[in-house]
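Colleague: Can you read through this structure? Questions will come right after.
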Amino acid sequence: MQSEIQSDMQNPPTVAAIIVAAGRGQRAGGGVPKQWHHIAGQSVVQHTLDIFASHPRITEIVLVVAAQDRTLVDTLTLPPHASIAIGGAERSLSVLSGLNAIQADYVLIHDAARCCVPPDVIDRVLNALQTAQAAAPALPVTDALWTGEHGQVTGVQDRNCLYRAQTPQGFVRQLILDAHGTHAEGSADDVEVARRAGMDVTIVQGDARNLKITTPADFARAAKLLETRMDIRTGNGFDVHRFGAGDHVMLCGVKIPHSRGLQGHSDADVGMHTVTDAIYGALCRGDIGQHFPPSDPQWKGAASDIFLNHACALAREMGFEINHMDCTLICEFPKIGPVAAAMRTRMAQILGIDIDRVSVKATTSERLGFTGRGEGIAAMATVTLIKGAAS
Ligand SMILES: Nc1ccn([C@@H]2O[C@H](COP(=O)(O)OP(=O)(O)OP(=O)(O)O)[C@@H](O)[C@H]2O)c(=O)n1
Ligand SMILES: C[C@](O)(CO)[C@H](O)COP(=O)(O)O
């Protein structure tokens with residue numbers, strides 16, 4: 001049977017991802033279920049979420065967690081198109097809970113414990129769904145297979161036609177929802193549910209890196225895969241502060257005597273703020289106002305290196321190194337040239353990188369606009385973060 005949802009360039013079919021994370025991880029052990037363990041700078045489930053959140057075709061994500069793990073969700077950074085559902089005692093019940101929470105035409109069902117899934121595995125499943133009603137990645141069995149009993153080989157098993165199943169497993173949403181309604185009992189995965197309901201399932205090429213954390217030794221294997229995967233990110237920042245009364249401005253951590261000061265809740269270091277925002281942008285972790293709300297009195301008059309240090313620490317915690325920073329200050333006055341070297345030195349110190357990777361420059365706006373009229377200073381910055389092989 002062909003997929004019932006045809007591709008339409010005007011109205012492309014929508015795709016949801018269900019990430020099942022409600023298991024207890026008994027074989028992996030530890031104080032919390034395996035998907036809540038931290039490896040390579042963040043929880044297993046956060047790694048998995050990030051992979052699906054950055055996939056351009058996925059418009060809806062449901063993370064299914066156990067009721068007793070609900071508070072752990074607060075430790076996650078959820079993308080805006082994600083929601084939470086509560087799972088059940090069996091994997092199939094967790095999947096059903098996710099299926100009941102989505103609307104999309106197609107659904108990808110994925111184990112949170114497969115936190116190293118390469119994006120091209122997701123692509124292969126989605127491509128297969130253009131013509132199939134169900135598709136899943138798998139690897140052919142390459143080792144010889146035996147049967148055994150009491151430590152003795154009792155026979156050999158033909159390995160031809162045997163595959164090791166992986167996720168994400170992709171389906172036409174309505175078909176797998178119907179299948180779960182009647183055929184889910186005792187199933188290991190959703191392909192089994194689909195086949196029992198009479199669906200054809202296309203096999204696509206899996207990937208050896210798409211391991212499922214199952215035993216304690218798998219944490220180190222997964223961490224190594226995540227740490228050696230190269231991830232290069234670029235973030236940009238933009239900020240403006242208005243001039244007011246005062247006798248100096250703080251710019252990129254340097255105090256410059258001036259006939260006016262910059263207004264702001266903190267020390268109004270517009271250069272440092274924009275670099276901070278560029279780092280949060282590269283990390284996809286919001287912006288400076290979200291981490292340090294202007295409504296919070298504790299940041300009144302605060303030195304802005306507090307904010308930049310926080311962004312740098314977050315980058316390191318997520319396994320990134322800051323590779324390069326370029327900041328442009330836009331103002332007629334004060335003149336930046338004489339203090340640019342001091343600014344680079346201070347910024348390099350906070351960023352923890354060589355000064356040769358730090359650029360601070362300035363431009364006027366030809367007396368045009370608010371910066372040209374001397375009403376304030378604007379700043380923009382770009383940072384590059386690297387995780388993995390190249391760092
Ligand atoms: N009731 C369940 C059981 C499993 N899962 C999820 O299904 C995926 C694959 O299951 P498995 O590796 O078997 O996880 P656990 O059931 O947690 O492991 P164990 O059998 O060792 O307890 C995991 O991401 C797990 O969190 C789930 O959401 N709900
Ligand atoms: C869904 C699955 O990951 C496919 O390989 C697997 O069936 C679920 O986990 P389990 O180890 O079989 O319990």
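Every residue gets a Cβ built from N, Cα and C, even glycine.
TrEMBL does not curate its annotations; it predicts them automatically.
Sharing the record's features from TrEMBL:
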- Asp239, Val240, His241, His265, Ser266, Asp287, Ile288, Gly289, Thr363, Thr364, Ser365, Glu366, Phe370, Arg373: 4-CDP-2-C-methyl-D-erythritol 2-phosphate binding site (BINDING)
- Asp239, His241, His273: divalent metal cation binding site (BINDING)
- 232-385: domain '2-C-methyl-D-erythritol 2,4-cyclodiphosphate synthase' (DOMAIN)
- 1-232: region '2-C-methyl-D-erythritol 4-phosphate cytidylyltransferase' (REGION)
- 233-391: region '2-C-methyl-D-erythritol 2,4-cyclodiphosphate synthase' (REGION)
- Arg27: site 'Transition state stabilizer' (SITE)
- Lys34: site 'Transition state stabilizer' (SITE)
- Arg159: site 'Positions MEP for the nucleophilic attack' (SITE)
- Lys212: site 'Positions MEP for the nucleophilic attack' (SITE)
- His265: site 'Transition state stabilizer' (SITE)
- Thr364: site 'Transition state stabilizer' (SITE)
Colleague: If we check Cα distances from His265 (site 'Transition state stabilizer'), which of the recorded positions Lys34, Lys212, His241, Ile288, Phe370 wins as closest?
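Modeller: Result for His265 (site 'Transition state stabilizer'): the nearest of the recorded positions is His241.
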Colleague: List which of the recorded positions Arg27, Ile288, Ser365 have their Cα within 10 Å of the Cα of Lys34 (site 'Transition state stabilizer'), in sequence order.
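Modeller: Near Lys34 (site 'Transition state stabilizer') by Cα: Arg27.
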Colleague: Near ligand 1, which of the recorded positions Arg27, His265, Thr363 have CB less than 6 Å from any of its atoms?
Modeller: Arg27
Colleague: Using DSSP and collapsing to three states, where does Thr364 (site 'Transition state stabilizer') fall: helix, strand or coil?
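Modeller: In the DSSP reduction, Thr364 (site 'Transition state stabilizer') maps to coil.
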Colleague: Measure the Cβ-based neighbour count of Ile288 (4-CDP-2-C-methyl-D-erythritol 2-phosphate binding site), defined as the other Cβ atoms within 10 Å of its Cβ.
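Modeller: Its Cβ shell of radius 10 Å holds 24 other Cβ atoms.
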Colleague: At the Cα level, what's the spacing in Å between Ser365 (4-CDP-2-C-methyl-D-erythritol 2-phosphate binding site) and His273 (divalent metal cation binding site), rounded?
Modeller: 20
Colleague: Can you give me the same-chain residues 6 or more apart in sequence from Phe370 (4-CDP-2-C-methyl-D-erythritol 2-phosphate binding site) with a CB-CB distance under 8 Å?
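Modeller: Result: Val240, Gly376, Ala378.
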Colleague: So which recorded positions out of Arg27, Arg159, Lys212, His273, Thr364 end up within 10 angstroms of Asp239 (4-CDP-2-C-methyl-D-erythritol 2-phosphate binding site), measuring C-alpha to C-alpha?
Modeller: His273
